[in-house]
């Protein structure tokens, strides 16, 4: 059962009047003085400043903190609703964190991109610093960050203790660095509240992430801002109403539309005048692709410092870190980060001993695997692309190195633009500077649950990697698809133990996994303390194979464990806590464990949580649904619903790019005065003109003689009429 955490905030502090955090009476003008600089290449890796605060000089020691990937992008939508990246915002060399010398519990989070901007936290008071506008010198404004928190408190936290998977127990410390790759979305109203300017809003989000990293430094955890999305003109989903419903709507939306660079967790930041809640999150689910997301509500009067604390608390809860029990938990700061009061307090805030233990326990389990992926980071300090560095950057079509070393016939090395005769320079759908034909395979299917992708005929890049929707049956209906793989228990056994291995017998699984020791279990509570599988969960515990060989299985990285059950040799593996392969010890999430049931975190649960709502019947029983819930049709059936059949169509989906290429009829252009070459008409084109001309001549001749005949007859008739009318005229006149 998921524990959905909804956090209520103090109405008196977020919903009512709050003192402005910059008070005129506390403002000071200071001129920071750089006294130390350590460079690596052309970038300062360490720097120290003297800063005067209230007539006292302090030394702030800073170390560069990288949290933007080298290909970071800020996205928004154009008037047609198509997502587009903004200009380069990937400058990531100028963000620092550190402390104030002589104050061991202090914290500093500073940006030096354009002057100093950020936060200085002493034990009981915090100061904001930012450049003084229109200053001739290096003058800055420094001010105390204050909160009217006399009445601030959480009215309740809906945490069901029974659903907190990880109990706090002692565990050895770890120096391993963990990473959270985060995608942040700023909705329309918050975008306006933060300044209504892309550069301003982006800088504030950078400040937030920098502050979060300063808080998480004690856990050796880095938040990477994978990408930023701004909803400037309109929101993609309604952001009003109940925050619980908003979270579920956001999760549903991001499954279909959030297809940017890889990320572990996505957050929607929403502005509300006087919210009752500060956010919503799924507890302990940060690495779950279906539930790795959250909502954070920004009130009208909250400070950037407080909003950073809210995001840290929400992320912490998503990693299984509960709120502190004031009677049991302690920290070195004035107030602990996972205390409800931390949102509204000034001064240094640190994680408690309870939070540190909970985090270490979480990262020692297989459900924290996504935090172990180290993203590619390198200093990006050029605001403009550099042509000739062998890297395609913003504003470039291609980059093949210097003019001397470039061997790309499609790319102009001097401008990093395509040559006039080229349509593309690189990519699986580019061949000799031309796009490959629409429908040509550019990415083969790698699994029964994977789908092939095709060139679309208008780009050198391959289509997005698509796969069969999670929950679809595979391997003769025995297993199900999960993230493009058929989660076969037998395949996992062979991947883990060897290609000749077979899955353990029912007796192996049932008798071993109902124990609570190293041979079989349903999870590790703490080193040496194992959790026995319940009566319905033993198929989801330790992964076990049957072994009938005489030689010993060898595994240099883990411990191989043998057990004799009913005359069968049953084998499992034990990896040390935090090992990169520790997830292989247990049956994978999504493995079938019963009718309409699958394994999930060592429990056999209903498969309904997968949201398998797009079935072959949705596709008229002539296809399967892909991960975007669009039909991928069988050959000869036509997307989007696979209802109609056409023998000339190859099937596929509206996403895969393999709709058959329909050649455009050749267009004949009438040459104008600028073209002087003579035109040679083919003989077969002259014949129709000759026939038409002959018919016209014959028609004209016929009409001519017909008219002549009519005139002769008319003349004769006129004479007869005159002769007949004369007596009548005289007769009338005689009267």
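Glycine too: its Cβ is placed from the backbone N, Cα and C atoms.
Per Swiss-Prot, the feature topological domain 'Extracellular' maps to 16-680.
Residues annotated as N-linked glycosylation site in Swiss-Prot: 55 (among others). The C-beta environment of residue 55 (N-linked glycosylation site), restricted to residues of the same chain at least 6 apart in sequence and closer than 8 Å, is empty.
Here Swiss-Prot flags 178-375 as domain 'Peptidase M12B'. If you take every residue in the domain 'Peptidase M12B' (178-375) and average the pLDDT, you get 87.
Secondary structure at residue 220 (N-linked glycosylation site), taken from DSSP and collapsed to helix, strand or coil, is coil. As annotated by Swiss-Prot, N-linked glycosylation site applies to 220 (among others).
Note on residue 370 (disulfide bond): other Cβ atoms within 10 Å of its Cβ, all shown chains, come to 19. Per Swiss-Prot, disulfide bond is recorded for 287-370 (among others), and the stated evidence type is similarity to another entry.
Secondary structure at residue 288 (N-linked glycosylation site), as computed by DSSP, is coil. When other Cβ atoms within 10 Å of the Cβ of residue 288 (N-linked glycosylation site) are tallied across all protein chains shown, the result is 20. Taken from Swiss-Prot, the feature N-linked glycosylation site covers 288 (among others).
Look at Swiss-Prot and you will find 329-354 (among others) tagged as disulfide bond. For the recorded site, residue 354 (disulfide bond), the DSSP three-state label reads helix. Neighbour count (other Cβ atoms within 10 Å of the Cβ, all protein chains): 20 for residue 354 (disulfide bond).
In the three-state DSSP scheme, residue 336 (disulfide bond) falls into the strand class. Around residue 336 (disulfide bond), a 10 Å sphere centred on its CB holds 22 further CB atoms from the protein chains shown. Here Swiss-Prot flags 331-336 (among others) as disulfide bond, drawing on similarity to another entry.
Sequence-distant contacts (6 or more apart, same chain, Cβ under 8 Å) of residue 353 (N-linked glycosylation site) comprise 329, 330, 331. Among the features that Swiss-Prot reports, N-linked glycosylation site is placed at 353 (among others).
Annotated domain 'Disintegrin' per Swiss-Prot: 384-470, in sequence order.
Annotated disulfide bond per Swiss-Prot: 442-455 (among others), in sequence order. Under the three-state DSSP scheme, residue 455 (disulfide bond) falls in the coil class. For residue 455 (disulfide bond), applying a Cβ distance below 8 Å and a minimum sequence separation of six or more within one chain yields 428, 429, 435, 436, 437, 438, 439, 440, 441, 442, 462, 463, 657.
Residues or ranges marked as N-linked glycosylation site in Swiss-Prot (evidence: sequence analysis): 456 (among others).
In the three-state DSSP scheme, residue 564 (N-linked glycosylation site) is classed as strand. Here Swiss-Prot flags 564 (among others) as N-linked glycosylation site, drawing on sequence analysis.
The disulfide bond annotation in Swiss-Prot covers 614-625 (among others). Under DSSP, residue 625 (disulfide bond) is assigned to a strand (E or B) in the three-state scheme. Within 10 Å of the C-beta of residue 625 (disulfide bond) we count 22 further C-beta atoms, all protein chains included.
Under the heading disulfide bond, Swiss-Prot lists 619-631 (among others), citing similarity to another entry as support. The Cβ of residue 631 (disulfide bond) has 614, 618, 619, 620, 623, 624, 625, 639, 640, 641, 642, 653 as same-chain neighbours under 8 Å, each 6 or more residues away in sequence. Mapped onto three states, the DSSP output places residue 631 (disulfide bond) in strand.
Classification of residue 642 (disulfide bond) by DSSP places it in coil, neither helical nor stranded. Residues annotated as disulfide bond in Swiss-Prot: 633-642 (among others).
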Comparing the Cα of residue 220 (N-linked glycosylation site) with the Cα atoms of the recorded positions 287, 288, 633, the shortest distance belongs to 287
With every protein chain in view, how many other Cβ atoms are within 10 Å of the Cβ of residue 220 (N-linked glycosylation site)? 14
Using DSSP, what's the helix, strand and coil tally for the domain 'Disintegrin' (384-470)? 0 helix, 16 strand, 71 coil
Just jot down the residues in the same chain as residue 456 (N-linked glycosylation site), at least 6 apart in sequence, with C-beta under 8 A of its C-beta; none if empty. 429, 438, 463, 657
Integer Å distance between the CA atoms belonging to residue 354 (disulfide bond) and residue 633 (disulfide bond): 53
List of residues, in chain order, with Cβ under 8 A from that of residue 287 (disulfide bond) and at least 6 apart: 264, 367, 368, 369, 370, 371
Nearest by Cα to residue 564 (N-linked glycosylation site), of the recorded positions 288, 336, 354, is 288
Rounded to a whole angstrom, what is the C-alpha distance between residue 288 (N-linked glycosylation site) and residue 354 (disulfide bond)? 24
